[in-house]
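The structure appears right after this line, and notes come after that.
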Amino acid sequence: MRKAKLWGLLGMLFVSELQAAAGQAEEKKILTEGETLNYHCVYTRKHSQSQKAWQRVMDGGKAETLAFTEKTSKNSQELGGRYFLEDNTTQGAVHVRMTNVQMSDSGLYRCVIYPILSNPEVLESLRLVVTKGPSDSPSPDKNPPRDKAQTTTFPPATKAPVTQPPPKSTAGVSRPGLEVNPTHVTDVTRISVFSIVIPVACALVTKSLVLTVLFAVTQKSFGS
Amino acid sequence: MSSPCALLAWTFLTLLGLGVAQEDLTPCSPIVPRREWRALPSTCKQRLDLPVRCVVVSHTAGSPCDTPASCMRQVQNVQHYHVRTRGWCDVTYNFLIGEDGLVYEGRGWDIQGAHAGGGWNSKSIGISFMGNYMDRAPPQRALRAAQSLLACGVARGALSPNYEVKGHRDVQQTLSPGDQLYEIIQTWPHYRY
């Protein structure tokens, strides 16, 4: 019995640690192929004189530096021409621009202080997800005009996942076919209703599950 | 009770406990809504991506107020200055704190503020204490109101549970929130330089 209690406590600790780890700051942006990423890495004044770099973090933790700001100009060199950094030291933000994003660009990125130490000082992390756009390349006969009209309208609010707000457009990013204006307000209220109903439903289900288990367990122990 | 059954029961209890903690709908302390302090309508459109991870604390550097009546007038003054004189779409802060111990709704949780420069505005909630806190500190009831507001933000999912508090001078070149108030917020548990 004592062993079971110990395992139970360990279990609780483990799960709460997972929760804490899940709370680590990581922004997420979803773009379609061909769009430009416009992202601001913010930093406090202690870093206003430092140079910054933009890195991509590979699976396994190894980071590749894509661009870094110059000492004097505060802008980045043009390494390959796709990544641009502009450090606005009075506003405390690095404007990161990645042009013509592709699905292969999906992954984890981060702003760090440059020169990069063995244990780098990370300013912000960004999870970029690049999705395939509406079919630009004409597929033979499989996409009649009606299908195209369907793909360009925003999916109904009731299907939107509760844990994730609908993708918002950032400054400078154009989203072809996004029809937001008339239905947006009602979408928002519908989502907020669901964000109450679903957690409550989950709570009820969890509680009834627990009661069932406890009931079964007590029955068994009284019966045996 | 056999050990595997006990372990199973413990696991379910753990999950239940965590579930309850997350779905607890904590009521927030009263905030004076815009209509009540007779705000000019906002023309701001830019929404905030919630939850945000930062709170920027500033001061208005203007006159303080210590009664609900005088604070109501003072919030109006601040908004008028921002909208009529500076031409912004609304008062720049998400919330204002009066020395009457009340929180006044500015742009609120959902609309981006204009309190700390481009990048920071889109990633933070800006709260401002009404007054100038270089040489004096805000009263305890004002500080309590601010803390309660931030706890409310977490409960509503507007602030991340591990949100960070920064002083305005930490993100822009300014004296705001004033030496005395800055010293106080540095002692807050969520403060990170």
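The backbone N, Cα and C atoms fix where each Cβ goes, glycine too.
Computed from a predicted structure; not experimentally measured.
Record source TrEMBL places B:C71 in a disulfide bond whose other cysteine, from B:C54, B:C65, is B:C65. Per TrEMBL, the disulphide partner of B:C152 among B:C28, B:C44 is B:C28. The Cβ of B:C65 (disulfide bond) has 20 other Cβ atoms within 10 Å, all protein chains considered. In the three-state DSSP scheme, B:C28 (disulfide bond) falls into the coil class. Neighbours of B:C152 (disulfide bond), defined as other CB atoms within 10 A of its CB across all chains, total 19.
For the recorded site, B:C152 (disulfide bond), the DSSP three-state label reads helix. Along the domain 'Peptidoglycan recognition protein family' (B:29-172), the predicted structure has mean pLDDT 96.
You'll find the Cα of B:C152 (disulfide bond) roughly 21 Å from the Cα of B:C71 (disulfide bond). The disulfide-bonded residues listed here are B:C28, B:C71; among them, B:C71 has the most other Cβ atoms within 10 Å of its own Cβ.
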